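To keep things clear, I will list the structure first and then write my remarks on it.
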Amino acid sequence: MDATPAETTEPAFRTLGGLRFSKGHGTGNDFVLIADPDGVHTIDAGQVAALCDRHRGIGGDGLIRAVPSRYLSEGRELLLSSPEAEWFMDYRNGDGSLSEMCGNGVRVFVHFLRAEGLVDLPDGGALAIGTRGGVKTVVRTGDSYAVDMGPWEFIFPGDATAKAMDSLVTADGLEVPRPALSVSMGNPHTVVALAELSELEATRLYTAPQVDPVPANGTNVEFVVPAEPLVHNGIGTVTMRVHERGVGETQSCGTGACAAAVAIRHWAGAEAPDSWQVNVPGGVVGVKFFAGAGGHEHVELSGPAVIVATGTLS
Ligand SMILES: N[C@@H](CCC[C@H](N)C(=O)O)C(=O)O
């Protein structure tokens, strides 16, 4: 019987051979990172999915290409009003789809730019980053980063102050559909409150939760349990699990943590604090609300960033 010679290179990687990559994460939300200072590496959706494959690729929840903003049409548009946003975070989900924003990703992105020697950011310094969700300013404290994520908004129209929910979510392990609130952080989120940690543990996220009505471009779904008591020393605490659009269940989601804090603060009413701790399976991130430019309330996300490896694609 003739033996078929074994392939030594995954087909999707062939045109990427020799490309350097890093692997990094923010509270367990992990990314393949590629520096493209000359704007020459087009990585298509199939290649992103192959690189992010956990069995046959490097493995990651998403892929981030670091490219000067001037090489992308979206970046050039941002440069008109924010010339300081020299670097653009070209983010893809693990299935190759685009998302407007990634909160853990932007922290890891800045850490990667530093590690590659592409920026010099002193402790306490700030860096403006172009993203498909607009320009985000990132402030460094050691190897932790705080990101001005900009304003939040409810996705579905209606009386914002009166509404407690605007959709229903069904997931394996939860007996009845649960009320939820859909919040945009540039990308879409639907936040479901559960009463007990045991319910959060019982929720199975191998398959995508069903959301009705679903936001126009799909949604990330966050399941959250408020701490008891909710507020301690002026800080609110919630525990969260997330099913991400274009990925599946992840260890953490920065924009999801912001959306979770928005929803829980809204449900808690006037006495709710502006500072939040969000516990996720991969660690802890901080969320703060503050008065931003133009009289809009902004959300700040803070947390660590880690680079674990660098290598070269075969
Ligand atoms: N994990 C990210 C969000 C990544 C994008 C998301 N899957 C989407 O499609 O919107 C984060 O940390 O914010």
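Every residue, even glycine, has its Cβ placed from backbone N, Cα and C.
Here's what TrEMBL has on this protein:
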ACT_SITE  C102  active site, proton donor
ACT_SITE  C102  active site
ACT_SITE  C253  active site, proton acceptor
BINDING   N29, N93, G103, N104, N187, N220, E244, R245, G254, T255  substrate binding site
Far apart in sequence but close in space: which same-chain residues, 6 or more away, have a Cβ under 8 Å from C253 (active site, proton acceptor)? N29, G103, N104, N220, E222, V242, E244, V280
In Å, how large is the greatest distance between any two Cα atoms among N29, N93, G103, N104, N187, N220, E244, R245, G254, T255, the listed binders of substrate? 16
Show, in sequence order, which residues other than N29, N93, G103, N104, N187, N220, E244, R245, G254, T255 on the same chain lie with their Cβ within 8 Å of the centre of the Cβ atoms of the substrate site. S99, M101, C102, G105, V242, V247, T250, C253, G256
Restricting to the same chain and to sequence separations of six or more, state which residues have a Cβ under 8 Å from that of N187 (substrate binding site). S99, E100, M101, C102, G133, N220, R245, T255
Taking the Cβ of E244 (substrate binding site) as centre, how many other Cβ atoms lie within 10 Å? 28
Assigned element (helix, strand, coil) containing N29 (substrate binding site), judged by DSSP: strand
Intrachain C-beta neighbours of G254 (substrate binding site), sequence separation six or more, cut-off 8 angstroms: G26, N29, C102, G103, N104, G105, V106, R107, V147, M149, V285, L301, G303
